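Visitor: Okay, here's the structure, questions in a sec.
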Amino acid sequence: MVKICCIGAGYVGGPTMAVIALKCPDIEVAVVDISVPRINAWNSDQLPIYEPGLEDVVKQCRGKNLFFSTDVEKHVCEADIVFVSVNTPTKTRGLGAGKAADLTYWESAARMIADVSKSDKIVVEKSTVPVKTAEAIEKILTHNSKGINFQILSNPEFLAEGTAIEDLFKPDRVLIGGRETPEGQKAIKTLKDVYAHWVPEENIITTNLWSAELSKLAANAFLAQRISSVNAMSALCEATGANVTEVSYAVGKDTRIGSKFLNPSVGFGGSCFQKDILNLVYICECNGLPEVAEYWRQVIKINDYQKSRFVNRIVASMFNTVSNKKIAVLGFAFKKDTGDTRETPAIDVCKGLLGDKARLSIYDPQVTEDQIQRDLSMNKFDWDHPLHLQPMSPSTVKQVSVVWDAYAATKDAHGVCILTEWNEFKTLDFQKIYDNMQKPAFIFDGRNVVDAEKLREIGFIVYSIGKPLDAWLKDMPAVA
Ligand code: NAD
Ligand code: UDX
(Lines of atoms letter the chains of each structure in order from A; the text may use other names.)
(Lines give C-alpha, C1' and ligand atoms only; values in the text may rest on other atoms or scores of the structure.)
(Ligands and ions follow the chains in the order given, each with its own letter.)
Protein backbone atom coordinates (compact mmCIF):
# COMPACT_ATOMS: atom_id res chain seq x y z
CA MET A 1 0.00 0.00 0.00
CA VAL A 2 1.35 3.43 -0.96
CA LYS A 3 1.56 5.75 2.04
CA ILE A 4 1.02 9.47 1.76
CA CYS A 5 1.73 12.00 4.49
CA CYS A 6 0.68 15.64 4.21
CA ILE A 7 2.36 18.22 6.43
CA GLY A 8 -0.15 21.01 7.15
CA ALA A 9 -3.79 20.29 7.99
CA GLY A 10 -5.17 23.61 6.78
CA TYR A 11 -7.62 24.78 4.12
CA VAL A 12 -5.61 22.98 1.44
CA GLY A 13 -4.05 19.99 3.22
CA GLY A 14 -7.29 18.86 4.91
CA PRO A 15 -9.73 18.85 1.96
CA THR A 16 -7.13 17.74 -0.63
CA MET A 17 -6.03 14.73 1.37
CA ALA A 18 -9.61 13.82 2.31
CA VAL A 19 -10.47 13.66 -1.40
CA ILE A 20 -7.34 11.62 -2.23
CA ALA A 21 -8.30 9.17 0.54
CA LEU A 22 -11.87 8.94 -0.76
CA LYS A 23 -10.86 8.38 -4.37
CA CYS A 24 -7.93 6.04 -3.61
CA PRO A 25 -9.00 3.39 -1.10
CA ASP A 26 -5.72 1.57 -1.79
CA ILE A 27 -3.67 4.48 -0.41
CA GLU A 28 -3.20 5.34 3.26
CA VAL A 29 -3.23 9.06 3.92
CA ALA A 30 -2.01 10.75 7.11
CA VAL A 31 -2.47 14.50 7.57
CA VAL A 32 -0.17 15.94 10.23
CA ASP A 33 0.17 19.35 11.83
CA ILE A 34 2.00 21.00 14.70
CA SER A 35 -1.26 22.60 15.83
CA VAL A 36 -2.86 20.31 18.44
CA PRO A 37 -6.27 22.11 18.42
CA ARG A 38 -6.44 21.85 14.63
CA ILE A 39 -5.76 18.10 14.63
CA ASN A 40 -8.20 17.56 17.50
CA ALA A 41 -10.84 19.39 15.49
CA TRP A 42 -10.18 17.24 12.40
CA ASN A 43 -10.73 14.19 14.61
CA SER A 44 -13.99 15.59 16.03
CA ASP A 45 -17.50 16.30 14.73
CA GLN A 46 -16.65 20.01 14.52
CA LEU A 47 -14.14 20.24 11.65
CA PRO A 48 -11.74 23.21 11.85
CA ILE A 49 -12.92 24.66 8.55
CA TYR A 50 -16.35 25.18 7.03
CA GLU A 51 -16.49 23.87 3.49
CA PRO A 52 -19.62 22.49 1.77
CA GLY A 53 -19.38 18.69 1.31
CA LEU A 54 -16.19 18.30 3.34
CA GLU A 55 -17.77 16.70 6.38
CA ASP A 56 -19.31 13.98 4.28
CA VAL A 57 -15.98 13.10 2.62
CA VAL A 58 -14.10 13.08 5.93
CA LYS A 59 -16.71 10.88 7.60
CA GLN A 60 -16.47 8.31 4.81
CA CYS A 61 -12.70 7.80 5.14
CA ARG A 62 -11.57 8.90 8.61
CA GLY A 63 -10.23 5.95 10.59
CA LYS A 64 -10.16 3.76 7.44
CA ASN A 65 -7.46 5.17 5.17
CA LEU A 66 -7.47 8.81 6.37
CA PHE A 67 -5.82 9.80 9.65
CA PHE A 68 -5.16 13.14 11.32
CA SER A 69 -2.23 13.26 13.74
CA THR A 70 0.27 15.48 15.52
CA ASP A 71 2.89 12.74 15.32
CA VAL A 72 4.53 14.49 12.40
CA GLU A 73 7.85 12.63 12.47
CA LYS A 74 6.40 9.12 12.59
CA HIS A 75 4.11 9.65 9.60
CA VAL A 76 6.76 11.45 7.54
CA CYS A 77 9.21 8.62 8.24
CA GLU A 78 6.72 5.97 7.07
CA ALA A 79 5.50 7.79 3.94
CA ASP A 80 6.46 7.18 0.30
CA ILE A 81 5.07 10.54 -0.79
CA VAL A 82 5.21 13.61 1.48
CA PHE A 83 3.05 16.59 0.53
CA VAL A 84 4.02 19.87 2.13
CA SER A 85 1.03 22.18 2.48
CA VAL A 86 2.17 24.60 5.14
CA ASN A 87 1.41 28.31 5.06
CA THR A 88 3.65 30.60 2.99
CA PRO A 89 2.62 34.08 4.18
CA THR A 90 4.07 37.45 3.22
CA LYS A 91 7.23 38.33 5.17
CA THR A 92 6.61 40.92 7.85
CA ARG A 93 10.24 41.71 8.69
CA GLY A 94 13.68 41.86 7.14
CA LEU A 95 14.65 41.51 3.50
CA GLY A 96 11.60 41.70 1.22
CA ALA A 97 9.21 42.52 4.10
CA GLY A 98 5.68 43.25 2.83
CA LYS A 99 6.30 41.42 -0.46
CA ALA A 100 8.43 38.27 -0.36
CA ALA A 101 7.03 34.91 0.74
CA ASP A 102 8.04 33.83 4.22
CA LEU A 103 9.39 30.31 3.77
CA THR A 104 10.15 29.71 7.47
CA TYR A 105 7.43 27.06 7.79
CA TRP A 106 8.47 25.36 4.57
CA GLU A 107 12.14 25.29 5.50
CA SER A 108 11.49 23.83 8.93
CA ALA A 109 9.29 21.13 7.34
CA ALA A 110 12.05 20.31 4.83
CA ARG A 111 14.70 20.08 7.56
CA MET A 112 12.47 17.79 9.56
CA ILE A 113 11.88 15.54 6.51
CA ALA A 114 15.67 15.28 6.03
CA ASP A 115 16.17 14.49 9.73
CA VAL A 116 13.60 11.73 10.16
CA SER A 117 13.65 9.97 6.77
CA LYS A 118 15.09 6.48 6.55
CA SER A 119 13.82 5.59 3.03
CA ASP A 120 13.55 7.26 -0.41
CA LYS A 121 10.73 9.77 -0.73
CA ILE A 122 8.90 11.97 -3.18
CA VAL A 123 8.47 15.41 -1.63
CA VAL A 124 5.62 17.40 -3.16
CA GLU A 125 5.29 21.17 -2.98
CA LYS A 126 1.56 21.70 -2.43
CA SER A 127 1.95 25.15 -0.89
CA THR A 128 2.18 28.09 -3.27
CA VAL A 129 5.87 29.04 -3.34
CA PRO A 130 8.16 31.40 -5.23
CA VAL A 131 9.52 30.01 -8.48
CA LYS A 132 12.83 28.19 -7.81
CA THR A 133 11.85 27.13 -4.28
CA ALA A 134 12.29 23.48 -5.27
CA GLU A 135 15.99 24.19 -5.82
CA ALA A 136 16.37 25.46 -2.25
CA ILE A 137 14.39 22.53 -0.87
CA GLU A 138 16.56 20.09 -2.83
CA LYS A 139 19.66 21.63 -1.27
CA ILE A 140 18.27 21.24 2.25
CA LEU A 141 17.24 17.64 1.63
CA THR A 142 20.36 16.47 -0.19
CA HIS A 143 22.79 18.11 2.26
CA ASN A 144 21.21 16.24 5.16
CA SER A 145 20.01 13.07 3.50
CA LYS A 146 22.35 10.29 4.61
CA GLY A 147 22.29 8.78 1.10
CA ILE A 148 18.48 8.84 0.80
CA ASN A 149 17.05 9.75 -2.62
CA PHE A 150 14.55 12.61 -2.54
CA GLN A 151 12.64 13.65 -5.65
CA ILE A 152 10.97 17.07 -5.47
CA LEU A 153 7.77 17.71 -7.38
CA SER A 154 5.71 20.86 -7.70
CA ASN A 155 1.98 20.13 -7.58
CA PRO A 156 0.26 23.47 -6.87
CA GLU A 157 -3.34 23.47 -5.73
CA PHE A 158 -6.02 25.41 -7.63
CA LEU A 159 -9.06 24.84 -5.40
CA ALA A 160 -11.09 27.85 -4.32
CA GLU A 161 -12.61 28.06 -0.86
CA GLY A 162 -16.36 27.52 -0.66
CA THR A 163 -16.16 25.13 -3.64
CA ALA A 164 -13.09 23.14 -2.57
CA ILE A 165 -14.69 19.70 -2.71
CA GLU A 166 -16.33 20.34 -6.08
CA ASP A 167 -13.02 21.69 -7.43
CA LEU A 168 -11.09 18.68 -6.11
CA PHE A 169 -13.60 16.18 -7.51
CA LYS A 170 -13.53 17.79 -10.97
CA PRO A 171 -10.37 19.88 -11.33
CA ASP A 172 -9.95 21.88 -14.55
CA ARG A 173 -6.41 20.51 -14.47
CA VAL A 174 -3.87 18.92 -12.17
CA LEU A 175 -0.38 20.28 -12.66
CA ILE A 176 2.74 18.27 -11.83
CA GLY A 177 6.24 19.64 -12.38
CA GLY A 178 9.42 17.64 -11.88
CA ARG A 179 13.04 17.22 -12.89
CA GLU A 180 13.66 16.16 -16.47
CA THR A 181 15.86 13.23 -15.30
CA PRO A 182 14.69 9.56 -15.40
CA GLU A 183 14.22 9.68 -11.58
CA GLY A 184 12.24 12.93 -11.87
CA GLN A 185 10.02 11.47 -14.59
CA LYS A 186 9.44 8.33 -12.52
CA ALA A 187 8.34 10.47 -9.56
CA ILE A 188 5.96 12.43 -11.82
CA LYS A 189 4.44 9.11 -12.98
CA THR A 190 3.95 7.94 -9.39
CA LEU A 191 2.05 11.11 -8.46
CA LYS A 192 0.14 11.06 -11.75
CA ASP A 193 -1.05 7.53 -10.91
CA VAL A 194 -2.56 8.85 -7.66
CA TYR A 195 -4.63 11.52 -9.44
CA ALA A 196 -5.46 9.16 -12.31
CA HIS A 197 -7.75 7.31 -9.87
CA TRP A 198 -10.37 9.98 -10.69
CA VAL A 199 -8.95 12.72 -12.93
CA PRO A 200 -9.01 12.07 -16.72
CA GLU A 201 -5.48 11.75 -18.04
CA GLU A 202 -5.80 14.63 -20.48
CA ASN A 203 -6.44 16.92 -17.50
CA ILE A 204 -3.15 16.02 -15.81
CA ILE A 205 -0.48 18.36 -17.13
CA THR A 206 3.19 17.62 -16.58
CA THR A 207 5.91 20.27 -16.89
CA ASN A 208 9.33 21.13 -15.59
CA LEU A 209 9.58 22.30 -11.97
CA TRP A 210 9.85 26.00 -12.65
CA SER A 211 6.89 26.12 -15.03
CA ALA A 212 4.69 24.41 -12.43
CA GLU A 213 5.78 26.76 -9.65
CA LEU A 214 5.33 29.86 -11.80
CA SER A 215 2.01 28.74 -13.31
CA LYS A 216 0.39 28.87 -9.88
CA LEU A 217 1.50 32.45 -9.27
CA ALA A 218 0.52 33.36 -12.83
CA ALA A 219 -2.98 31.82 -12.51
CA ASN A 220 -3.71 33.74 -9.31
CA ALA A 221 -2.34 36.95 -10.80
CA PHE A 222 -4.52 36.57 -13.94
CA LEU A 223 -7.63 35.86 -11.84
CA ALA A 224 -7.05 38.80 -9.52
CA GLN A 225 -6.30 41.03 -12.50
CA ARG A 226 -9.75 40.29 -13.95
CA ILE A 227 -11.37 41.45 -10.73
CA SER A 228 -9.28 44.60 -10.57
CA SER A 229 -10.14 45.27 -14.21
CA VAL A 230 -13.88 45.02 -13.61
CA ASN A 231 -13.57 46.99 -10.36
CA ALA A 232 -11.66 49.74 -12.17
CA MET A 233 -14.53 49.82 -14.69
CA SER A 234 -17.03 50.01 -11.82
CA ALA A 235 -15.56 53.38 -10.77
CA LEU A 236 -15.86 54.66 -14.33
CA CYS A 237 -19.44 53.35 -14.56
CA GLU A 238 -20.43 55.33 -11.47
CA ALA A 239 -18.86 58.46 -12.94
CA THR A 240 -20.58 58.10 -16.31
CA GLY A 241 -23.96 56.49 -15.64
CA ALA A 242 -23.01 53.16 -17.25
CA ASN A 243 -24.03 49.97 -15.43
CA VAL A 244 -21.13 47.63 -14.61
CA THR A 245 -23.34 44.52 -14.74
CA GLU A 246 -24.32 45.36 -18.30
CA VAL A 247 -20.74 46.22 -19.24
CA SER A 248 -19.29 43.03 -17.77
CA TYR A 249 -22.01 40.92 -19.41
CA ALA A 250 -21.34 42.51 -22.79
CA VAL A 251 -17.58 42.14 -22.41
CA GLY A 252 -17.79 38.55 -21.13
CA LYS A 253 -19.93 37.45 -24.09
CA ASP A 254 -16.78 37.63 -26.18
CA THR A 255 -15.65 34.00 -26.07
CA ARG A 256 -12.03 35.14 -26.03
CA ILE A 257 -12.69 36.91 -22.73
CA GLY A 258 -15.32 34.63 -21.16
CA SER A 259 -17.96 35.47 -18.60
CA LYS A 260 -16.54 34.01 -15.39
CA PHE A 261 -14.83 35.99 -12.64
CA LEU A 262 -16.07 39.37 -13.81
CA ASN A 263 -18.23 40.27 -10.82
CA PRO A 264 -17.52 43.72 -9.42
CA SER A 265 -17.02 43.81 -5.66
CA VAL A 266 -15.81 45.87 -2.75
CA GLY A 267 -12.44 44.23 -3.51
CA PHE A 268 -11.03 40.74 -3.61
CA GLY A 269 -9.88 39.05 -0.43
CA GLY A 270 -8.69 35.64 0.67
CA SER A 271 -5.37 34.26 1.71
CA CYS A 272 -3.96 33.88 -1.81
CA PHE A 273 -4.41 36.70 -4.30
CA GLN A 274 -2.64 39.56 -2.55
CA LYS A 275 0.10 37.39 -1.06
CA ASP A 276 0.85 35.66 -4.35
CA ILE A 277 0.88 38.85 -6.42
CA LEU A 278 3.19 40.56 -3.92
CA ASN A 279 5.40 37.52 -4.16
CA LEU A 280 5.35 37.79 -7.97
CA VAL A 281 6.21 41.49 -7.74
CA TYR A 282 9.18 40.68 -5.52
CA ILE A 283 10.42 37.92 -7.85
CA CYS A 284 10.21 40.33 -10.82
CA GLU A 285 12.18 42.96 -8.90
CA CYS A 286 14.82 40.39 -7.90
CA ASN A 287 15.14 39.37 -11.55
CA GLY A 288 15.72 42.96 -12.72
CA LEU A 289 12.23 43.43 -14.19
CA PRO A 290 10.86 46.57 -12.48
CA GLU A 291 8.35 47.32 -15.28
CA VAL A 292 6.82 43.85 -14.99
CA ALA A 293 6.75 44.22 -11.20
CA GLU A 294 4.94 47.55 -11.51
CA TYR A 295 2.39 46.07 -13.91
CA TRP A 296 1.33 43.44 -11.38
CA ARG A 297 1.52 45.82 -8.43
CA GLN A 298 -1.28 47.84 -10.04
CA VAL A 299 -3.67 44.91 -9.47
CA ILE A 300 -3.18 45.34 -5.72
CA LYS A 301 -3.33 49.13 -5.93
CA ILE A 302 -6.72 49.03 -7.66
CA ASN A 303 -7.94 46.55 -5.06
CA ASP A 304 -6.88 48.88 -2.24
CA TYR A 305 -8.44 51.81 -4.11
CA GLN A 306 -11.73 49.93 -4.43
CA LYS A 307 -11.92 49.36 -0.66
CA SER A 308 -11.08 52.96 0.24
CA ARG A 309 -13.45 54.24 -2.46
CA PHE A 310 -16.24 52.24 -0.81
CA VAL A 311 -15.49 53.68 2.63
CA ASN A 312 -15.29 57.21 1.23
CA ARG A 313 -18.63 56.74 -0.52
CA ILE A 314 -20.26 55.73 2.77
CA VAL A 315 -18.82 58.63 4.71
CA ALA A 316 -19.53 61.20 1.99
CA SER A 317 -23.15 60.04 1.59
CA MET A 318 -23.79 60.31 5.31
CA PHE A 319 -23.05 64.07 5.50
CA ASN A 320 -19.28 63.53 5.53
CA THR A 321 -19.16 61.89 8.93
CA VAL A 322 -20.01 58.55 10.47
CA SER A 323 -18.76 59.57 13.90
CA ASN A 324 -20.84 57.79 16.54
CA LYS A 325 -23.27 56.51 13.90
CA LYS A 326 -24.22 52.86 14.01
CA ILE A 327 -23.23 51.03 10.84
CA ALA A 328 -24.44 47.46 10.38
CA VAL A 329 -21.94 45.25 8.59
CA LEU A 330 -23.52 42.22 6.94
CA GLY A 331 -20.88 39.64 6.06
CA PHE A 332 -17.29 39.50 7.19
CA ALA A 333 -15.89 36.38 5.44
CA PHE A 334 -13.91 37.07 2.24
CA LYS A 335 -16.59 35.30 0.16
CA LYS A 336 -19.74 33.30 0.78
CA ASP A 337 -19.74 29.66 1.93
CA THR A 338 -16.60 29.98 3.99
CA GLY A 339 -15.80 31.15 7.50
CA ASP A 340 -12.35 32.27 6.36
CA THR A 341 -11.53 35.93 6.98
CA ARG A 342 -7.94 36.04 5.78
CA GLU A 343 -7.41 39.34 3.91
CA THR A 344 -11.17 39.84 3.70
CA PRO A 345 -12.04 43.31 2.32
CA ALA A 346 -14.28 43.64 5.41
CA ILE A 347 -11.17 44.23 7.54
CA ASP A 348 -10.09 47.31 5.58
CA VAL A 349 -13.64 48.63 5.24
CA CYS A 350 -14.32 48.22 8.97
CA LYS A 351 -10.99 49.79 9.89
CA GLY A 352 -11.76 52.70 7.55
CA LEU A 353 -15.14 53.26 9.20
CA LEU A 354 -13.66 52.91 12.68
CA GLY A 355 -11.08 55.50 11.65
CA ASP A 356 -13.99 57.88 11.16
CA LYS A 357 -15.30 56.85 14.62
CA ALA A 358 -18.30 54.79 13.50
CA ARG A 359 -19.89 52.21 15.80
CA LEU A 360 -20.05 48.85 14.04
CA SER A 361 -22.50 46.03 14.53
CA ILE A 362 -21.29 43.02 12.57
CA TYR A 363 -23.09 39.85 11.55
CA ASP A 364 -21.67 36.94 9.57
CA PRO A 365 -23.27 33.48 9.57
CA GLN A 366 -19.91 31.68 9.82
CA VAL A 367 -17.42 33.99 11.55
CA THR A 368 -17.04 34.11 15.33
CA GLU A 369 -16.78 37.24 17.45
CA ASP A 370 -13.32 36.20 18.58
CA GLN A 371 -12.12 36.00 14.99
CA ILE A 372 -13.59 39.39 14.05
CA GLN A 373 -12.05 41.09 17.08
CA ARG A 374 -8.71 39.46 16.34
CA ASP A 375 -8.82 40.54 12.69
CA LEU A 376 -9.66 44.14 13.56
CA SER A 377 -6.91 44.45 16.15
CA MET A 378 -4.12 42.86 14.09
CA ASN A 379 -1.50 44.59 11.95
CA LYS A 380 -1.45 44.06 8.20
CA PHE A 381 0.35 40.82 7.19
CA ASP A 382 0.45 39.48 10.77
CA TRP A 383 -2.62 37.33 10.23
CA ASP A 384 -0.95 34.32 8.63
CA HIS A 385 1.88 33.94 11.10
CA PRO A 386 0.27 31.56 13.60
CA LEU A 387 3.50 31.00 15.48
CA HIS A 388 3.89 34.73 16.22
CA LEU A 389 0.26 34.93 17.17
CA GLN A 390 -0.13 32.04 19.55
CA PRO A 391 0.67 33.93 22.75
CA MET A 392 -1.53 36.87 21.80
CA SER A 393 -5.14 36.97 22.96
CA PRO A 394 -7.37 39.22 20.87
CA SER A 395 -7.79 42.71 22.26
CA THR A 396 -11.30 44.06 21.93
CA VAL A 397 -12.12 46.94 19.64
CA LYS A 398 -14.68 48.77 21.79
CA GLN A 399 -16.64 50.38 18.96
CA VAL A 400 -17.41 46.92 17.54
CA SER A 401 -20.17 44.56 18.56
CA VAL A 402 -20.74 41.20 16.91
CA VAL A 403 -24.28 39.88 16.76
CA TRP A 404 -25.83 36.64 15.51
CA ASP A 405 -28.64 38.01 13.38
CA ALA A 406 -28.95 40.52 10.54
CA TYR A 407 -31.98 42.14 12.22
CA ALA A 408 -30.09 42.76 15.47
CA ALA A 409 -27.19 44.23 13.49
CA THR A 410 -29.42 46.65 11.59
CA LYS A 411 -31.66 47.73 14.48
CA ASP A 412 -31.33 51.52 15.03
CA ALA A 413 -28.52 51.63 12.45
CA HIS A 414 -27.92 54.69 10.28
CA GLY A 415 -26.51 52.60 7.46
CA VAL A 416 -26.01 49.00 6.32
CA CYS A 417 -22.99 47.71 4.37
CA ILE A 418 -23.11 44.34 2.67
CA LEU A 419 -19.58 43.00 2.44
CA THR A 420 -20.08 39.26 1.70
CA GLU A 421 -22.55 37.83 -0.83
CA TRP A 422 -24.21 35.30 1.53
CA ASN A 423 -27.43 34.01 -0.09
CA GLU A 424 -29.45 34.73 3.05
CA PHE A 425 -28.93 38.49 2.57
CA LYS A 426 -31.01 38.36 -0.61
CA THR A 427 -34.12 37.21 1.22
CA LEU A 428 -34.03 39.46 4.30
CA ASP A 429 -37.21 41.34 5.19
CA PHE A 430 -35.96 44.78 4.18
CA GLN A 431 -39.23 46.50 5.06
CA LYS A 432 -38.73 45.34 8.66
CA ILE A 433 -35.10 46.45 8.55
CA TYR A 434 -36.09 49.87 7.18
CA ASP A 435 -38.75 50.34 9.84
CA ASN A 436 -36.18 49.73 12.59
CA MET A 437 -33.43 51.97 11.21
CA GLN A 438 -32.61 55.67 11.65
CA LYS A 439 -33.70 57.88 8.75
CA PRO A 440 -32.54 58.55 6.13
CA ALA A 441 -31.70 54.85 5.92
CA PHE A 442 -28.72 53.90 3.73
CA ILE A 443 -27.65 50.60 2.16
CA PHE A 444 -24.18 50.26 0.66
CA ASP A 445 -24.08 47.02 -1.29
CA GLY A 446 -20.45 45.96 -1.81
CA ARG A 447 -21.46 42.76 -3.62
CA ASN A 448 -24.50 43.81 -5.64
CA VAL A 449 -26.68 41.17 -3.97
CA VAL A 450 -29.83 43.14 -3.21
CA ASP A 451 -32.46 44.45 -5.60
CA ALA A 452 -31.69 48.18 -5.40
CA GLU A 453 -34.92 49.27 -7.13
CA LYS A 454 -37.10 47.39 -4.63
CA LEU A 455 -35.17 48.87 -1.72
CA ARG A 456 -35.56 52.37 -3.14
CA GLU A 457 -39.32 51.80 -3.29
CA ILE A 458 -39.23 51.01 0.44
CA GLY A 459 -37.42 54.30 1.06
CA PHE A 460 -33.73 53.36 1.32
CA ILE A 461 -30.94 55.36 -0.26
CA VAL A 462 -29.00 52.63 -2.05
CA TYR A 463 -25.44 52.50 -3.33
CA SER A 464 -24.56 49.50 -5.54
CA ILE A 465 -21.01 49.08 -6.83
CA GLY A 466 -20.68 50.32 -10.40
CA LYS A 467 -24.38 51.11 -10.88
CA PRO A 468 -25.94 54.47 -11.80
CA LEU A 469 -26.07 56.63 -8.67
CA ASP A 470 -29.12 57.85 -6.72
CA ALA A 471 -29.75 61.59 -6.89
CA TRP A 472 -28.67 61.72 -3.25
CA LEU A 473 -25.31 60.06 -3.94
CA LYS A 474 -24.71 62.28 -6.96
CA ASP A 475 -25.13 65.32 -4.73
CA MET A 476 -22.61 63.99 -2.22
CA PRO A 477 -19.60 63.07 -4.35
CA ALA A 478 -16.92 60.95 -2.68
CA VAL A 479 -13.28 61.78 -3.24
CA ALA A 480 -11.17 58.61 -3.21
P1 NAD B 1 -3.35 27.10 6.54
O2 NAD B 1 -2.73 28.15 7.37
O3 NAD B 1 -4.82 26.87 6.61
O4 NAD B 1 -2.66 25.69 6.87
C5 NAD B 1 -1.28 25.52 7.02
C6 NAD B 1 -1.04 24.58 8.19
O7 NAD B 1 0.34 24.24 8.23
C8 NAD B 1 -1.36 25.20 9.56
O9 NAD B 1 -2.35 24.41 10.21
C10 NAD B 1 -0.02 25.16 10.33
O11 NAD B 1 -0.16 24.86 11.70
C12 NAD B 1 0.70 24.04 9.60
N13 NAD B 1 2.15 24.07 9.73
C14 NAD B 1 2.99 25.13 9.57
N15 NAD B 1 4.27 24.74 9.73
C16 NAD B 1 4.24 23.41 9.99
C17 NAD B 1 5.26 22.43 10.25
N18 NAD B 1 6.56 22.75 10.21
N19 NAD B 1 4.88 21.16 10.51
C20 NAD B 1 3.55 20.82 10.53
N21 NAD B 1 2.56 21.69 10.29
C22 NAD B 1 2.90 22.98 10.01
O23 NAD B 1 -2.92 27.38 5.03
P24 NAD B 1 -3.69 26.96 3.69
O25 NAD B 1 -4.76 27.94 3.37
O26 NAD B 1 -4.03 25.51 3.76
O27 NAD B 1 -2.54 27.20 2.63
C28 NAD B 1 -1.42 26.35 2.57
C29 NAD B 1 -0.67 26.66 1.29
O30 NAD B 1 -1.50 26.38 0.16
C31 NAD B 1 -0.23 28.12 1.14
O32 NAD B 1 1.01 28.15 0.50
C33 NAD B 1 -1.29 28.70 0.24
O34 NAD B 1 -0.82 29.79 -0.50
C35 NAD B 1 -1.61 27.54 -0.67
N36 NAD B 1 -2.98 27.56 -1.24
C37 NAD B 1 -4.05 27.94 -0.49
C38 NAD B 1 -5.33 27.92 -1.02
C39 NAD B 1 -6.54 28.32 -0.21
O40 NAD B 1 -7.60 28.46 -0.79
N41 NAD B 1 -6.43 28.52 1.08
C42 NAD B 1 -5.52 27.48 -2.35
C43 NAD B 1 -4.42 27.09 -3.07
C44 NAD B 1 -3.14 27.13 -2.52
C1 UDX C 1 -8.34 31.69 -5.25
C2 UDX C 1 -8.30 31.02 -6.62
O3 UDX C 1 -9.58 31.15 -7.27
C4 UDX C 1 -7.92 29.55 -6.50
O5 UDX C 1 -7.78 28.97 -7.79
C6 UDX C 1 -6.61 29.46 -5.74
O7 UDX C 1 -6.25 28.10 -5.58
C8 UDX C 1 -6.70 30.14 -4.39
O9 UDX C 1 -7.12 31.50 -4.58
P10 UDX C 1 -10.11 31.75 -3.26
O11 UDX C 1 -9.30 32.90 -2.79
O12 UDX C 1 -10.42 30.65 -2.32
O13 UDX C 1 -9.40 31.05 -4.53
O14 UDX C 1 -11.52 32.28 -3.81
P15 UDX C 1 -11.97 33.03 -5.16
O16 UDX C 1 -13.25 32.46 -5.58
O17 UDX C 1 -10.90 33.07 -6.18
O18 UDX C 1 -12.27 34.51 -4.65
C19 UDX C 1 -11.24 35.38 -4.22
C20 UDX C 1 -11.80 36.75 -3.96
O21 UDX C 1 -12.20 37.39 -5.17
C22 UDX C 1 -13.04 36.75 -3.06
O23 UDX C 1 -12.98 37.83 -2.16
C24 UDX C 1 -14.17 36.94 -4.04
O25 UDX C 1 -15.32 37.52 -3.46
C26 UDX C 1 -13.53 37.87 -5.05
N27 UDX C 1 -14.16 37.83 -6.38
C28 UDX C 1 -14.19 36.66 -7.09
C29 UDX C 1 -14.70 39.00 -6.92
O30 UDX C 1 -14.66 40.05 -6.29
N31 UDX C 1 -15.25 38.94 -8.16
C32 UDX C 1 -15.30 37.80 -8.91
O33 UDX C 1 -15.82 37.84 -10.03
C34 UDX C 1 -14.75 36.62 -8.34
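Cβ atoms are placed via backbone N, Cα and C, with glycine included.
Among the features that TrEMBL reports, NAD(+) binding site is placed at 8-13, Asp33, Arg38, 86-90, 127-128, Glu161, 272-275, Arg342. Among the features that TrEMBL reports, active site, nucleophile is placed at Cys272. Under the heading domain 'UDP-glucose/GDP-mannose dehydrogenase C-terminal', TrEMBL lists 328-452.
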Visitor: Give me the CA-CA distance between Asn87 (NAD(+) binding site) and the residue listed as 'active site, nucleophile', in Å, as a whole number.
Guide: 10
Visitor: Let's see if you can do this one: DSSP helix, strand and coil counts over the domain 'UDP-glucose/GDP-mannose dehydrogenase C-terminal' (328-452), in that order.
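Guide: Breakdown, helix to coil: 41 helix, 19 strand, 65 coil.
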Visitor: Name the secondary structure element type, per DSSP in three states, that contains Gln274 (NAD(+) binding site).
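Guide: DSSP assigns Gln274 (NAD(+) binding site) to helix.
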Visitor: Could you list, ordered by sequence, which of these recorded positions: Gly8, Asn87, Cys272, have a Cβ under 6 Å from ligand 2?
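Guide: Checking each Cβ against ligand 2, the ones under 6 Å are Cys272.
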Visitor: Out of Gly8, Asp33, Thr90, Glu161, Gln274, which binding-site residues lie by ligand 1, with a C-beta less than 6 Å from some atom of it?
Guide: Gly8, Asp33, Glu161
Visitor: Could you list the residues of the same chain, at least six apart in sequence, whose Cβ is under 8 A from the Cβ of Glu161 (NAD(+) binding site)?
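Guide: Correct list: Tyr11, Glu51, Gly270, Phe334, Lys335, Asp337, Thr338, Asp340.
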Visitor: Can you give me the Cα-Cα distance between Asp33 (NAD(+) binding site) and Cys272 (active site, nucleophile) in Å, rounded to a whole number?
Guide: 20
Visitor: Are there any residues in the same chain, six or more apart in sequence, whose C-beta is under 8 angstroms from the C-beta of Gly8 (NAD(+) binding site), and if so which?
Guide: Val31, Asp33, Phe83, Val84, Ser85, Val86, Asn87, Tyr105, Ala109, Lys126, Ser127
Visitor: Using a 10 Å radius around its CB, how many other CB atoms surround Tyr11 (NAD(+) binding site)?
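Guide: Here the count is 23.
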Visitor: Take the Cβ of Asp33 (NAD(+) binding site) and count every other Cβ within 10 Å, whichever protein chain it belongs to.
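Guide: So the Cβ neighbour count for Asp33 (NAD(+) binding site) comes to 23.
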